[in-house]
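A.B. asks: Below: one structure in structure tokens.
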Amino acid sequence: MSRFRGLRGEVLWAAAAKFGTGIFQFGISLLMARMLSVAAFGTFEFVLRTMSVVLVVSNLGLTWKSLMLASGGEPEEDASLGDDLSAVLGAALVSSTLMSVGFIAFMGATSGTDFAPDMFERVILTAMVPAFTLLLVISEAFRGLAKIRDASLFSGLFSNGIAFSVLLTFYLVSGDLTVVSGLMVLSVAASVAVATAFAVLRRLISNINLRFRWPEMAKQARESAPFAVYSVLVAVAATLDIWAVKLLFPIDQVGVYGIAARWSQFFLLPWMISSAVFRGRLASAIARNDIGRVHRIVAVNARVLGLIAVVLLLLIHLTSGALLRSVLPPEYTGSEPTLVLLAIAFSIQSTFSMYSLGLLLSSAKLLKFLVPLFQMAAFAALVGPLSMRLGLDGIGVSMLLAISAAAALQVGLFFTVFPGQRRLDA
């Protein structure tokens, strides 16, 4: 009974945080869509989607390392935990700052006049990637320490809530904002959130700090490298669609597609909740080398996600068209078919994602790299012909087919590496 109460508490906190975060994120996109032109909003969405890849690259897989370290010991009993987590934070700060400088320069060169920050604005924007990266690392440390409330609060709810409040004020007062100004609001909000999260973490682990211990930082980065490379491939595969829209269609269509993608991902909140709960338990099982429990967690989570996907798709069909037409400017309301295609694709990808973590534990770890590479190849082969024939919906169809094929490959590899898993699922 106590275990059930503990799981129920984790689910409730994760549900509240993820639902609130989803509301705030869609609210941010909605406010920016109303304050910007269609083309400028396309640039805004393009920058945010590209930043998701940069965040994965900049943390070098250190979010997973942070979760594993915190799951392996109690802070009051293990004095080295603070030192190890400090090294992880230091490595994340250095790598994310370097990536951020390159990211801002790259966006300035590829996004036209809608993204042309001056020197002061560049300084503010440069803080965005490090702040979000450190938030991810710290929130996973909270999850590893079984501080689900803190992990839920700082994984996105706090920073997005601040950003939404500020943008709503701008919308009500002036109704006018630029792409750069909107991104600066996100950067400042994330910076405030990470400072608060770090202060809370220091109350749990008193000897944690941001002093740079270069040998330890290099060690943590090396140990995280395989997971980092895999994560980068997955992130690139998941954002090829937005690049395809930008290359094949006018910039205003990026905004239309971005709204559809944002809304379809909002329906994945139950999956995100399930994943957040199971991820901490999975890390704990890995840290204790309990492979049998790892198998059971993967099997249970995959079942749960499969059921969730069916319910989500039904909800999308019943509600999305009317809701989008009621809240969006008329320029964006042609995105309903693309929305349904993306929702199906993201549901499939989410449902089978836990099998990737199972492959990470196997002796044939190189097999996991085949999945995102196969997805990229399938998407590249499909997107041109389908987009010429179906227009913007061709992007959604390409993503759906590529993700479906990659998911089938992923499950096949998992059952090949872990043949006993079939018996565990029974």
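Numbering starts at 1 and runs along the chain as it is shown here.
Placement of Cβ uses the backbone N, Cα and C atoms for every residue, glycine included.
As the structure is a computational prediction, the values presented were derived from the model and not from experiment.
As listed in TrEMBL for this protein:
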TRANSMEM  12-34  transmembrane segment
TRANSMEM  46-64  transmembrane segment
TRANSMEM  85-107  transmembrane segment
TRANSMEM  119-139  transmembrane segment
TRANSMEM  151-173  transmembrane segment
TRANSMEM  179-201  transmembrane segment
TRANSMEM  227-249  transmembrane segment
TRANSMEM  255-278  transmembrane segment
TRANSMEM  298-319  transmembrane segment
TRANSMEM  339-362  transmembrane segment
TRANSMEM  369-388  transmembrane segment
TRANSMEM  394-418  transmembrane segment
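Relative to the rest of the structure, where do these features sit?
C.D. replies: For the transmembrane segment (46-64), same-chain residues at least 6 beyond its ends with a Cβ under 8 Å from one of its own Cβ atoms are 88, 91-92, 95-96, 98-100, 103, 107, 111, 115, 128-130, 132-133, 136-137, 140, 179, 183, 220-221, 224-232, 234-236, 238-239, 242, 246, 251, 254, 258, 261, 283.
Same-chain residues lying 6 or more positions outside the transmembrane segment (85-107) and placing a CB less than 8 Å from one of its CB atoms are 47, 50-51, 54-55, 57-60, 62, 65-66, 69-70, 115, 117, 122, 125-130, 133-134, 137-138, 141, 205, 207-213, 216-221.
Long-range neighbours of the transmembrane segment (119-139) within the same chain, counting only residues 6 or more positions beyond its ends whose Cβ lies under 8 Å from a Cβ of the stretch, are 51, 54-55, 58-59, 62-63, 66, 88-89, 92-93, 95-97, 99-101, 103-104, 150-151, 154-156, 159, 180, 183-184, 186-188, 190-191, 193-194, 197-198, 201.
Sequence-remote contacts of a segment are chain residues at least 6 beyond its ends whose Cβ falls under 8 Å from one of its Cβ atoms, and for the transmembrane segment (227-249) they are 42, 45-46, 49-50, 52-53, 55-57, 59-62, 64-65, 257-258, 261, 342, 349, 356, 360, 368-369, 371-373, 375-376, 379-380, 383-384, 387, 392, 395-396, 398-399, 402, 406.
Same-chain residues lying 6 or more positions outside the transmembrane segment (369-388) and placing a CB less than 8 Å from one of its CB atoms are 229-230, 233-234, 236-237, 240-241, 244, 248-249, 356, 394-395, 397-399, 401-403, 405-406, 409-410, 413.
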